[in-house]
Amino acid sequence: MKLIDKLYERSKKNMAVCLGLDTKEAFLPEYISDMDISLGEKYFLFNKAIIDATKDIVACYKVQIACYEALGMDGLNAYQKTLKYIRENDGIVIADIKRGDISSTAAMYADGHFKGDFEADFITINTYMGSDAISPYFDYLKNGDKGLFVLVKTSNPNGHQIQDLETKEDKKVYEIMAEYVDKWGEDFVGECGYSAVGSVVGLTYPKEFLDVKKYMPKAFFLIPGYGAQGGTGKDIAEIFKDDICGVVNSSRGIISAHKGKVEDETFTTLTVKAVKDMQEDIGKWL
Ligand SMILES: O=c1ccn([C@@H]2O[C@H](COP(=O)(O)O)[C@@H](O)[C@H]2O)c(=O)[nH]1
């Protein structure tokens, strides 16, 4: 089975929940904070406990590399161990690395994140530098066991400054990007009808989401913006009207759910509850 088909199946089974491991010191339960080990080692113990508790109820995990890079080598060690642990447990992992560069450098990013120490299943990329920033990844997509999520319309408040500009073709910049995503994905479509070249579109702009979807009917979506950024299950209803065409990420909303409430080994009961609440919130509108 191709990776995109596996992600699609898991998304349908687990109500599209993508659990974001944006691990930060402030989110650690006290029993881990108090340990006499490095911060990176604490991050991994925290992530491992969350993965063990949620691996059968989420569609996938998204690991935000910035949270680990911020700790230097100690953090990158935790990042590596987290990706490996998810994949060893038959989980699907999206590395949120948002890379984008000239093709000779993009080829190095492809090697760095699709094999070796930092091997992930999907990675996020930024193609606002054009086709050169994506073409080096295509070789890795041919076998059907890797995938990409391309930034199209991001969830942040000021994304409109560039992405919503009108072009001389009477389309917005993000609409042009969506057309490119559709073209780039043509050769990598799975049995489910979606391509391994997917798209990042934020839930914080539900109207624009419906607009952008028309330009790339084969794109599977990575949808950030749920929970901490204000997105809700109601916002996703229209987007998922015909099909569960993506995964919805929540990071802070899930991994900090226990803070100030449960600080011992049982903290993951509140992580699981946060995942189930999110599933219910999405499911009730479908
Ligand atoms: O448009 C985008 C693209 C990526 N992100 C990332 O998703 C998570 C969101 O975290 P929350 O805590 O659920 O808000 C984070 O890693 C972002 O870098 C995004 O938010 N918007």
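Cβ atoms here come from the backbone N, Cα and C positions, even for glycine.
Database features, via TrEMBL:
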type	residues	note
ACT_SITE	Lys98	active site, proton donor
DOMAIN	16-267	domain 'Orotidine 5'-phosphate decarboxylase'
Under 8 Å by Cβ from the residue listed as 'active site, proton donor', counting only residues of that chain that are 6 or more apart: Thr124, Ile125, Asn126, Leu151
Where Lys98 (active site, proton donor) sits in the secondary structure, as DSSP reduces it to three classes: strand
Whole-number mean of pLDDT values that fall within the domain 'Orotidine 5'-phosphate decarboxylase' (16-267): 98
